[in-house]
Amino acid sequence: MEAVARRKAAAYVCLSCTRQFQRHIRRQYHNAAPRPDIYDVVCVGGGPAGLSLLTALRANPVTSHLRVALVEAQDLSKVKSWKLPPSKYSNRCSSLTPTSAFYLDQIGAWEHLDQTRVQPYHEMQVWDGVTDARIEFDWAPGSALVEGTTIAYMNENLNLTSGLLKRLEQLGGVSVFEGAKVENITFGEETEDLDLRQWPVVHISGGKQLTARLLVGADGANSPVRAFAGIDAKGWDYNRHGVVATLEMEGEGWGGEHTKIAYQRFLPTGPVAMLPMPGKYSTLVWSTTPENASILKSLSPKDFVAMVNAAFRLSPVDLAFMHTQGANQDYEYSWRLQHTSFNPRAIPQTVVGVQEGTIASFPLKMRHADTYIGERVALVGDAAHTIHPLAGQGLNQGQGDVQSLAKTIEHAVTHGQDIGSIMSLESYVSERYTANHVLLGVVDKLHKLYSAESGPLVPLRSLGLNAVNALGPLKSFFMKQAAGSGTKLF
Amino acid sequence: MLPPSPLRQLAPTIARRVRNPRTIARLASTPQCFAPVTESPSVRTQRWHSNHNDSRPPSSSSVNPDEISHFNALAATWWDPHGSSRALHLMNPLRHDFIQTCRSSSPTSSFTVLTEDSGDELPSSSPDAPTYSTTANVQKLRYLDIGCGGGIFAESAARLPTTESVLAIDPSPGVLAIARSHAKKDPSLSPKLTYLSSTIESLPTLKPEAVEKKFDVVSCFEVIEHVDHPALFLDHVAKFVKPGGWLVMSTIARTWTSWFTTNFMAEDVLGIVPKGTHDWNKYINEYELRGYFEETEEKRRFWGQPRAMGVVYVPGLGWKEVPGSEKVGNYFLGVQRLASEDA
Ligand SMILES: Cc1cc2nc3c(=O)[nH]c(=O)nc-3n(C[C@H](O)[C@H](O)[C@H](O)COP(=O)(O)OP(=O)(O)OC[C@H]3O[C@@H](n4cnc5c(N)ncnc54)[C@H](O)[C@@H]3O)c2cc1C
């Protein structure tokens, strides 16, 4: 009896017996009192960060013997079988840097993404809506990276999570508890020959309890794991919402299908960005005041399209006025456009339609957890940090976290360390914390710098953007940072 | 909290050393005990310690009671990641790296690790990770950890998928109690890890024919500098090493640098460590330790060429291998047992 209990309790077990990707909650209860069901890693959250981490651990022969579980509130079978026709795109898209794409390829997930829905882009046009100062982020001749080099890949989050789930299914060996909400997290108990008082026990809906050597919080911005670990997240709300939508354009873009361009204009209310998707489609991320966001969401498709076109063309004053109108922005836009001069080639092509049901908004905030680790706890992705979307870095930071944590766990396994101990996890924090903090700070400052309509900062920033544009090497540095190929500063 | 400094990091190592009143007295009265490190090889075997002419006869145990009580006092903070044993925790991964280097240097190590045979689990595009077999068809290793303390190395060795068992011994009951209660916190350890309150001398000697009961890896980390008669101690230890197995040690060289950092600065100037906590005269230089394994024809038939690795604590980065530093400070020494006849 004791031998059985011990074997059961030994956490580093061969997974050959649990190799199948398990959809159903396994019943492990026996008639007697439940014995602790011990996993090496319990990951709460099956978003991009959590799924990447589990894939990385399963794909690596050093860590593939670990017993791992995933707890996700949503129904993952829907995510896995997610499919849309080529004329429809989800409104939750993220830009993946080449570094993230390379990592996803290393762990064998990239090929499971529907490649016809992934859109690389090669140029970035960024300008200041108040002063019109501009940086053209294309690859200058003679720069280390040749023209046509991909800055980043636009991709629907669901294409990524669906691809990761397919890869995980191929790898097997994950106990998946889906449609299962974390209801409580407590600590284990002490028995005669076991002391689990420092081991987190995850209680999920349905009554199941999972004991974790390492509990990973990949559970998003409102992380229950972070709350359990007593880790504070500091930051502020921007009093801004991000309005997203899938747009249909008049054409494939000024550069045709092979040179796609991302656009971002800084407006006093926040940046508005249009990012290319395959064919004639683009995705919109417009950061604006909560009031403007609700106005935009209430407009007819025709008027919404007019507002988006106006956002890239008209003056901030005209745009502000158009927000005060109850309707007929379409008419107002055509009239005002005749009185505005601009270079049509320097701005996105005209938007001709918006895909039904894709206009949505979400509040923007900046949060950074005080640390990413505790005894037997590690946080990754949005659970550790939430960033303003203007730099398109949220998901990529999470991928950086995952890569670092997976490496940390690998090192711990090969050196016999307890993967849940602070001692093993320290290198993860030291590798990621400062990097994330610098990026959060830079993006936060950019937002604040460009959120002022007048005042001493405005001439300064026009000088800033023009100066950056003139200084080739500096610009190429910024671009490499955006593409994640530069010196590992961020 | 103190800022990280090499001295602070050295403190735990220092703190483990023996309080030996006789040594303190000698330290105070005989300046020549800070012997030049360039002594001639011909005298090295007798002059491992300045107290070699100690009138005390070789005892049946390599450790004295002062030492045991000293370690008992340290027990409480052994597993605190920010406590006084932090430097030992930080050094632990290097011990495994060193063992790995030793074992992979010899084709006759009792088995060769690092083959991957589970084809179906190995993805075509797997990360560029070192291959690491966890499958049962490779022979797993038996470890003996002498002077295991709170079990930092013993636990980590037991956790390795390539380990069959770890026998960890230490004469300090207080420290072993800490080791045992800490091991209870990890359910994966109990099937593989056994603690025993014992010195190497009182461990029942294994018969020459009981080869399979001997150990693939015998470790004495930060131990040899506590021992009054290192040569006798090593003679004992040798009996437990399997032919083809490795004896691995770590200690500190007896040099001006180590005297300055561990004796003078840590004790006299900074007072991080109680005065007289450690006995610099017991430190052993790398060439002296190496000499033991090479001194006679018989020894050279029994042991392979010793391998050394010097390590230096770099503030903010932890311990780093620095070639050549085995001559001045902390170092590892590993030696493989070749012959099959008993010592
Ligand atoms: C509406 C919205 C739009 C966004 N748009 C963009 C964009 O356009 N570009 C961009 O770069 N970034 C965008 N972001 C940010 C980006 O989506 C995140 O950075 C990224 O999704 C973070 O991934 P994650 O895996 O860390 O967390 P998430 O994707 O938030 O995943 C967390 C997972 O944990 C699960 N979970 C949470 N609590 C529990 C619980 N108690 N029990 C069980 N499961 C739980 C959730 O169901 C969820 O699946 C957006 C974020 C939001 C909220």
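Any Cβ shown, glycine's included, is placed from N, Cα and C.
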Just to be sure I read the record right: B:R95, B:G147, B:F221 are listed as binding S-adenosyl-L-methionine in TrEMBL. Which of B:D80, B:D170 is listed for the same site?
B:D170
Determine the Cβ neighbour count for B:E225 (Mg(2+) binding site): the number of other Cβ atoms within 10 Å of its Cβ.
24
For B:R95 (S-adenosyl-L-methionine binding site), the nonlocal same-chain Cβ neighbours (under 8 Å, six or more residues apart) come out as B:F153, B:S156, B:S219, B:F221, B:V248, B:S250, B:F332
What DSSP gives for B:D170 (S-adenosyl-L-methionine binding site), in three states, is strand
How big is the Cα-to-Cα gap, in Å, between B:H226 (Mg(2+) binding site) and B:G147 (S-adenosyl-L-methionine binding site)?
10
